[in-house]
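Peer 1: Please see the structure below; I have some questions.
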Amino acid sequence: MFEKLKKKFAEIFHRKKIDPDEVADEIPLKLVEADVSLEAAEDLASLVRNKLKEDTTLDPNEVLSSSILEMMPEYKFDVLNVNKKPFVVLFLGINGTGKTTTIGKFAHYLKRNGKSVVIAAADTFRAGAIEQISLIGREAGTEVIRHDRGSDPSSVAFDAIEHARARNIDYVLIDTAGRMNTNKNLLDEMKKIKRVSKPDLTLLVIDAVSGQDSVNQARMFEENVGYDGVIVTKLDTDARGGSILSIYHDLKKPVLFVCTGQGLDDIMPFDRNWYVRKLIPEPENETA
């Protein structure tokens, strides 16, 4: 996980003599190869240069850690401790990001922590989508509210929320269609679902291996629908590791959860300190 970005940092910082300007010049060149956007890489370079120049005795790895954390503001939100019932979560994302399976993992996470959940199968367009979310809901032990294929997605979301209210269910998770992110009809439908369901939290699901395309997708969703935070999937297959840093820097949105594998249990709240620890090179590899 994140091997490429960690290797790039090692190439830059594993030397006995650190020159702040040389390091700052190298950071953008190397980090764009690991899915860090140029803007994020340049800002990181500037932070590192300034810190090293202010105090030449600082440990380079500590400078790197603190600089990355500075670019990733802490966002305190505990989805398990909310003061509304039902708490409605709307999921956005294009096909292929793992959105539907992520909803199953999210439901499992909530149930594992003693919460009751219902899923709204509001992707009524894609062939097999209703069956897929129904199967995933069954695996997660969660009821799925579904209508026929081609029915109004907003009605599915509305019915799921009413179902939750009537039965005192804690959370409603709404699946949505994920066809091409430039499809105007799809985006208009998502706006309608959001208007009808009035979600308490809107999450964008993007995968870690799509690189800069993930950031472009996220910008499009923000401009057209709006969302509060991000779930990053497929971290177990992400050898580069830079997309999370780019999301924080370029989109000014927090990563709230990450998915680290195929199983229902492979989801966890995102911890920026965990992320930084994964990136920092081991000191014993130091070279001249």
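Each Cβ is built from the backbone N, Cα and C atoms, and glycine gets one as well.
If you look up Swiss-Prot, you'll see 93-100, 175-179, 233-236 marked as GTP binding site.
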Peer 1: Which residues in the same chain, at least 6 apart in sequence, have a Cβ under 8 Å from the Cβ of Thr176 (GTP binding site)?
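Peer 2: Result: Leu90, Phe91, Leu92, Gly93, Lys99, Ala122, Asp123, Pro153, Glu189, Met190, Ile193.
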Peer 1: With H, G and I counted as helix, E and B as strand and the rest as coil, say where DSSP puts Lys99 (GTP binding site).
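Peer 2: The residue in question, Lys99 (GTP binding site), is helix (DSSP, three-state).
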Peer 1: Could you say whether, by DSSP, Leu235 (GTP binding site) belongs to a helix, a strand or a coil region?
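Peer 2: Where Leu235 (GTP binding site) sits, the three-state DSSP reduction gives helix.
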Peer 1: Around Gly96 (GTP binding site), which residues of its chain at least 6 apart sit with Cβ under 8 Å of its Cβ?
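Peer 2: Sequence-distant Cβ neighbours: Gly178, Asp207.
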Peer 1: Among all protein chains shown, how many Cβ atoms are found within 10 Å of the Cβ of Leu235 (GTP binding site), not counting that one?
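Peer 2: Cβ-Cβ neighbours of Leu235 (GTP binding site) within 10 Å number 23.
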